[in-house]
Amino acid sequence: MALLAVGGILILMTNMQVGNLFGARRSTVITLYNGAFDSSSALFLIIKLVHEAGVSLRALFLVLSACSSIHVVRTFFLLPRHFIPYPLPEKYSYGVSCGKAKPQSLESSTENSIKTSAEETPLQTEFGSKQVKSFRDCVMSRFFFWHLIWLSVIQLRHYLFIGTLNPMLQRLTAGEPSLVSKYINAFAATQLCGVLCAPWNGIIMDRYKGKPRAEGESEQEADLRASVLSLALTAFQCVLFSMFASIPSLPLQYATFILQVLNRSFLYGGNAAFISMAFPSCHFGKVYGLVMALSALFSIMQYPCVTLVKDVLNGDPFYVNIGLTILSLLAFVHPISVYLHCRSQAAQRRNKL
């Protein structure tokens with residue numbers, strides 16, 4: 001289980017860089033990877049149905065292991081040895097060439113300098129002539145802090161909803177087992193739709209980024225400007241989902257389930273997309289891993305909240321839901337902060353002109 005958990009998240013982290021190869025569709029690809037990862041539990045449903053048809057679990061797991069060999073083959077023969085840079089250097093290629101640039105007969109640069117410019121120093125163009133930020137500078141930045149708060153608050157809301165779902169349904173159905181089972185099955189079915197919802201977040205960012213750039217606006221500034229709408233929309237979805245979850249109405253929970261899976265797919269896809277935009281790609285894995293680890297520590301708050309609901313509030317999460325809805329408003333600070341940064345950058349460009 002430990003190997004599956006570590007291997008799974010590493011596959012996600014490394015493959016999200018593939019989005020760098022798609023230019024204008026970069027955010028869509030990144031969010032699609034996150035949505036597919038989020039909806040991978042659909043494979044369990046397939047295995048369950050095939051197993052019930054008479055195929056042994058041993059045979060099914062052997063087939064899964066054989067299919068996993070595709071990752072090994074692709075890693076050695078298709079992916080570059082190091083990270084995939086963004087923006088891509090001119091003439092960048094991948095596969096067996098391992099990210100080396102194709103030779104250019106009209107240029108006088110040597111083969112070594114071509115290799116270096118393609119893979120060893122791919123981030124020179126990412127921030128123009130500016131020095132690439134160190135990992136420490138990334139962690140100490142305002143972007144990192146507010147992004148961590150944004151992710152942690154919304155993620156805590158989702159974890160607590162799942163943790164209190166069963167007692168909430170028990171209370172709303174007066175303990176009727178068939179009704180509880182019906183709503184639990186409905187909730188499980190909606191979780192498979194993450195792969196359908198996640199790319200919409202990336203499409204929103206890519207289309208917004210496609211607007212004409214202001215004079216002097218860099219690629220990174222255009223990315224950040226495009227992320228504001230996504231961050232704000234995700235925070236709004238969380239508040240709306242939290243409000244629906246707070247209303248003690250059983251039929252309304254169907255809408256709550258839909259909002260939950262929509263918001264969760266936007267959350268994790270937007271998280272990865274923003275990190276790839278706001279920080280140098282050479283630090284993507286470290287920043288992404290640190291953000292996820294710190295947000296997981298913050299999520300420990302769910303345990304005292306669940307204990308409060310069960311032992312003090314007699315299984316009624318209403319007051320805890322109200323408190324979390326108010327806390328969710330804190331997530332709006334992040335898109336506002338990014339918007340103010342983009343406006344400040346635009347004002348500096350106008351002053352220079």
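Going from the start of the chain as shown, residues are counted 1 onward.
Keep in mind that glycine also has a Cβ here, set from the backbone N, Cα and C atoms.
Because TrEMBL annotations are produced automatically, they should be read as predictions rather than curated entries.
TrEMBL lists 143-163, 183-205, 226-247, 253-275, 287-306, 318-342 with the feature transmembrane segment.
Comparing 143-163, 253-275, 318-342 for CB pairs under 8 angstroms to the transmembrane segment (183-205), the maximum falls on 253-275. Taking Cβ pairs closer than 8 Å, the transmembrane segment (318-342) reaches residues 142-143, 146-147, 149-150, 153-154, 156-157, 160, 164, 221, 224-225, 227-229, 231-232, 234-236, 238-239, 242-243, 245-246, 248, 305, 308-309 in its own chain, all 6 or more past its ends. Here the listed stretches are 226-247, 253-275, 287-306, and the one with the most C-beta pairs under 8 angstroms to the transmembrane segment (143-163) is 287-306. Non-local neighbours of the transmembrane segment (226-247) in the same chain are 27, 150, 153-154, 157, 161, 201, 204-206, 208-209, 253, 255-256, 259-260, 262-263, 266-267, 270, 273-274, 277-278, 318, 321-322, 324-325, 328-329, 331-332, 334-335, 338-339, 342; each lies 6+ residues outside the stretch with a CB under 8 Å from one of its CB atoms.
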